[in-house]
Amino acid sequence: MAAMENKVICALVLVSMLALGTLAEAQTETCTVAPRERQNCGFPGVTPSQCANKGCCFDDTVPGVPWCFYPNTIDVPPEEECEF
């Protein structure tokens, strides 16, 4: 009976981790975006703080591309910890 309870608990933990991992996956972002792939998030003359307040990234080191741009989403697969 105890072995069955452990399997149930492990399965519930795994399902919870997968659900939370999926939520975290959608929220994980990075400002590492190739200059040619940047999608404009600002306006001419936007400051770094104005850009950050919009939830965007700011990098003015590359001329001719948007300096205020949307971050990329990172796909992080959930980890499995339980073995049956």
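Don't overthink the numbers, they just go from 1 along the chain as shown.
Heads up, the Cβ atoms here are built off N, Cα and C, so glycines get one too.
What TrEMBL says about a protein is an automatic prediction, not a curated fact.
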According to TrEMBL, the disulfide-paired cysteine of Cys51 among Cys31, Cys68, Cys82: Cys68
Disulfide-linked residue for Cys41, taking TrEMBL as the record, within Cys56, Cys57: Cys56
Disulfide-bonded cysteine for Cys31 as listed in TrEMBL, from Cys10, Cys57: Cys57
Cβ-based isolation winner (fewest other Cβ atoms within 10 Å) among the disulfide-bonded residues Cys31, Cys41, Cys51, Cys56, Cys57: Cys31
Whole-number Å value for how far Cys68 (disulfide bond) lies from Cys41 (disulfide bond) (Cα to Cα): 5
